[in-house]
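Visitor: Take a look at this one; I'll ask things after.
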Amino acid sequence: VSCLCGSAPCLLCGCCPSARNSTVSRLLFTFFLFLGTLVSIIMIIPGVEKELHKLPGFCEGSGSMLGVQALIDCSGFLGHKAVYRMGFAMAAFFFLFAALMVCVRSSKDPRAAVQNGFWFFKFLLLVGLTVGAFYIPDGSFTTVWFYFGVVGSFLFILIQLILLIDFAHSWSQLWLRNADESNAKGWYAALCTVTSIFYAASIAAIALLYVYYTKPQGCTEGKVLISINLILCLIVSVVSILPKIQNAQPHSGLLQASLITLYTVFITWSALANVPNQDCNPTLLVRNSTGSAAATQPLTTWWDAPSIVGLVIFILCTLFISIRSSDHAQVNKLMLTEESGAGAGAEAAAAESGVHRAYDNEQDGVTYSYSFFHLCLLLAALYIMMTLTNWYRPDDSLQVLRSPWTAVWVKICSSWAGLLLYIWTLVAPLVLPDRDFS
């Protein structure tokens, strides 16, 4: 605890394991994000949501939402409002540090001490922002912040896609390298097995999407969106094994394409789960202002399956951002996480002396962009806010929480952007032969 609270109390640091300050700092900021996510999850649980009206003024003045004066029972919106305010507090927290840490080049900058220490005061700051967020008057806050959440979520989905593409390439390269070095066919068999599993899961999922989210008569939008993404995934798979692509990218193959296809199918599923049509979307949940069901058919839980899967992917991607850099220099340059090698001498000296203690490894240069890291966490906070609320918002009558078409198109466009980005990683060596894409 002493080591994590700052650099001043060093007397007790001898008992701490050897660790890089940069990694510890990233993990602690990520812990703050996960803590805010946990609080949001607790607030949206039905039993807790019903008790939020006890907060002073939290359910008052809701009749002025969007500038419309009316007497509205907001008891059904309390969990939704609480998650939005928690998301605002986390976004404000990370925006503050993103602005504060602009152009920090090394730990010699006085601002680096704020980045790597004072954790107790940072926690108090987050608590203060959270408490203050609950006193924000309704007005048009929910509607305006919804669009902030949409934009931020779209950008975070793109970051997820970049990390997924990078992971897919690294995975394939590792297994192919192991197969070449050991001359064992087991690696090739494992590669084929995993690829087959991904494609089989994608085909089964697409079939289920046609069964549950379309009908012989109607549901044209769902049919078109599923068919377009199916065709795009087929194109991506074919392009990945073309001879010219294989010559330019020897490690490219169907493993990456199958993983991208599976993720695209998930994004499509998540988009169809937001289609605001009960006939074409059996998982649609409509809630009126009293929290009761407004639909005639049996309703699922407030959290649908795409939101749960999205939460798991969010956790994995956020941890990926926090604890490691990419194996590819191009991705490190894009994500501004180019390892500078700073602190290597300190690490070696500590290992030789047998002393296990924390040290400052960024005196010669930061190992990651402080500002960009906080920007990623800001986008992650907006993404998890939208995920926990199913991308729903109050309708014009302020009586019902509905799923807008905006959420559908944002997710579909992000899936198209991901597929185009993956195709670019395949054709870039052919289009730009003078650049190194190794």
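Any Cβ shown, glycine's included, is placed from N, Cα and C.
Among the features that TrEMBL reports, transmembrane segment is placed at 27-48, 82-104, 116-136, 142-165, 186-212, 224-242, 254-272, 305-323, 367-388, 408-432.
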Visitor: Please report, as numbers and ranges, the same-chain residues at least 6 past the borders of the transmembrane segment (408-432) whose CB is under 8 Å from any CB of it.
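Guide: Hits for the transmembrane segment (408-432): 150, 153-154, 157-158, 161-162, 164-165, 169, 221, 225, 229, 232-233, 235-236, 239-240, 244-245, 248-249, 252, 256-257, 260, 263-264, 267-268, 270-272, 274-275.
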Visitor: Short question: which residues 6 or more past the ends of the transmembrane segment (305-323) have a Cβ under 8 Å from it?
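Guide: For the transmembrane segment (305-323), the sequence-distant neighbours (Cβ-Cβ under 8 Å, at least 6 residues beyond its ends) are 23, 26-27, 29-30, 33-34, 159-160, 163, 167, 266, 269-270, 273, 283, 335, 373, 376-377, 380, 383-384, 387-388, 390.
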Visitor: May I ask whether the transmembrane segment (224-242) has at least three C-beta pairs under 8 Å with the transmembrane segment (142-165), counting pairs 6 or more apart in sequence?
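Guide: Counting Cβ pairs under 8 Å, fewer than 3, so no.
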Visitor: For the transmembrane segment (27-48), I need the partner stretch with the highest count of C-beta pairs below 8 angstroms, choosing only from 186-212, 254-272, 367-388.
Guide: 367-388
Visitor: Spell out yes or no: are there three or more C-beta pairs under 8 angstroms between the transmembrane segment (254-272) and the transmembrane segment (367-388), with each pair 6 or more apart in sequence?
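Guide: As far as Cβ distances go (cut-off 8 Å, pairs 6 or more apart), the transmembrane segment (254-272) and the transmembrane segment (367-388) do not touch.
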Visitor: Under 8 Å between C-beta atoms and at least six residues away from its ends: which parts of the chain pack against the transmembrane segment (367-388)?
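Guide: For the transmembrane segment (367-388), the far contacts come to 20, 22, 26, 29-30, 33, 36-37, 40-41, 44, 83-84, 86-87, 90-91, 94-95, 97-99, 101-104, 111-112, 115, 148-153, 155-157, 159, 303, 307, 310-311, 314, 317-318, 321, 325, 335-337, 339-340, 342-343, 361, 407.
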